[in-house]
C-alpha cells in the first residue's frame with residue numbers, strides 16, 4: 001500500500017468519524033428536544049389538574065350548602081376526600097411503576113373526569129359523597145413527577161421537580177379566580193362542567209405527548225430489600241419494602257414531621273383568617289394569590305439555583321432550620337401584615353423541604369420503584385388533611401394561634417439537631 005493510499009484512507013476514516021460524530025450530535029439534540037417536550041407536557045398536565053382542583057375547593061362549600069349539607073357534614077366530606085387520597089397515593093405509585101407514567105396519567109385524568117361529572121349532577125348529599133370516590137386515583141402531580149424522574153438525570157432532578165412549583169402557583173391563582181367568576185356568572189355547577197372538559201383535554205395530552213415507557217430494566221434484580229416490581233399493585237408489603245432502603249425511613253420521617261405543624265395551621269387557616277386576622281372572603285383570596293406568587297418564585301427560580309451550588313442534605317438542613325425560625329415568628333405574630341412577612345421564609349422552607357425530600361427519596365430507591373416512592377410522598381398531605389382538623393381544632397380552641405408557632409419551633413428544632421448529629425446513609429446526595 002502506498003503512502004498516498006494511507007493518507008487517503010486516513011482522511012476517509014477521519015471524514016467518516018466526523019460524519020458519525022455530527023450524526024450522533026444531531027441525534028442527541030433531537031433526543032434533548034423530545035425530552036424537553038415530554039417534560040413540558042407533564043408541566044401542562046399538572047397545571048391544568050391543579051387549576052381545577054383549587055377551583056372546586058373554592059366552590060365546594062357553596063355547592064354543599066346549596067344541597068343542605070351542614071358544617072359537620074362538610075367536615076366529613078373533606079375527611080372522606082383526604083382518606084381516599086391517602087389510600088390511593090401509594091397504589092397509584094405502584095400502578096405507575098408497573099404500567100408506566102403515561103398509563104398512570106391517563107388513569108388520573110379519567111378519574112378526574114368522573115370526579116367532575118359526578119359533582120355536576122350532585123343534587124343530593126349521597127351523590128356528593130359518591131363524587132369523592134374517583135379521588136382515590138386522582139394524582140396528576142405525582143404522575144407528572146414520575147415523568148420528570150424518568151426523563152431527567154439525578155443531578156437535574158431537584159431543579160426539574162422544583163419547577164412544578166410554578167404549576168402549583170398558577171393552579172392556586174387561576175383556580176381560585178376561575179371558580180369564583182364561573183360560579184358567580186353561570187351558577188355553582190358551571191365550574192364542574194369546565195373541570196370535566198379540562199380533564200378530557202388532559203387525557204388527550206397524556207395519550208399523545210407522553211411516550212409509552214417500558215419498566216426500567218436496570219434495577220430488576222434481587223437486592224437485600226427484596227425483588228423489585230414483584231407482587232400486585234395493591235401489595236402493602238411491596239410498598240413498605242421501600243422503607244427498608246438505607247436512609248429512606250429517616251428522610252421520610254423528617255418530611256412528615258417538619259411540615260406537620262404548618263399543615264395544621266393551613267387546615268385551620270379559613271377560621272383563623274376570619275377570627276384572628278379579621279379578613280373578608282375577598283381579602284383571603286388575595287392572600288392565597290400572594291402565597292401562590294411566592295411559591296412560583298421560590299420553586300421556579302430559587303431552588304434550581306441552590307441545587308447547583310449546595311448538596312441536597314445541606315438544603316434539607318437549611319429548610320428545617322428556617323422552619324424553626326418561622327415557628328418563632330408565628331408564635332409572636334399579631335396581624336395579617338406580620339403573617340405576610342413570615343410567609344416569605346415559610347414558603348421557602350416549605351417548597352425546599354418538599355422538593356428536596358422528593359428528590360432524595362427517589363434517588364434512594366431503584367428507578368423501577370420511583371413511582372411508588374412518589375406515591376408514598378404524595379400521601380403525606382392527605383394524611384395531614386385527615387388528622388389535621390381534629391388536632392388543629394384542639395390546638396386553636398385551647399391554646400390559640402401561637403400554639404401552632406410554638407409547635408413548629410419545637411418540632412423543627414429537634415429535627416435540625418437530629419440531622420446535624422445523624423449520619424443518614426444515602427447515595428446520590430450530591431448533584
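Glycine is no exception: its Cβ is also placed from the backbone N, Cα and C atoms.
Checked against TrEMBL, the range among 11-37, 38-64 recorded as transmembrane segment is 38-64. Looking at 124-143, 224-243, 284-303, the stretch flagged in TrEMBL as transmembrane segment turns out to be 284-303.
As a quick check, the transmembrane segment (38-64) and the transmembrane segment (315-337) miss the bar of 3 or more Cβ pairs under 8 A, pairs 6 or more apart, so the two do not touch. Same-chain residues lying 6+ beyond the ends of the transmembrane segment (160-182) with a Cβ under 8 Å from its Cβ atoms: 39, 43, 46-47, 49-59, 141, 144-145, 148-149, 152, 190-191, 194, 285, 288-289, 291-296, 298-300, 303-304, 307, 351, 355, 358-359.
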